[in-house]
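**Student:** To start, I am sharing the structure in question, which I have written as structure tokens.
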């Protein structure tokens, strides 16, 4: 992600290189999404990410893209759980400032992954109305 992955970009490319890399990738991603939106507006279909390669290239490519799409999101879910467990174990020490959460350090990563997996499953069992209200409420939190 943007926040968890920017440290390695900053360390290897420096601030200017990181900005150039993020602008370049943002431009590429924006172009791909704009093209997908234009194609979907022209020809509305279900699951356009899989349907367009099937229709315009071949059925095999559409099938492969569908499985790759599913696999990417399956891996992403596990990666996000590992990222949140690593964020809980965050530790900062620059010689002057020391930040550490004792409970986060003593508890194993598997426990944090299990806790957040259960929370995600519980939140996904709520009706859409409850989830939308929760998102609307969290989006309207004002820190003034």
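The first residue you see is number 1, and the count goes up from there.
Any Cβ shown, glycine's included, is placed from N, Cα and C.
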**Student:** Which residue range, 91-109, 110-128, is the one TrEMBL calls transmembrane segment?
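**Tutor:** Here TrEMBL associates transmembrane segment with the stretch 110-128.
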**Student:** Going by DSSP, how much of the domain 'Amino acid permease/ SLC12A' (1-130) is helix, how much is strand and how much is coil, in residues?
**Tutor:** 105 helix, 6 strand, 19 coil
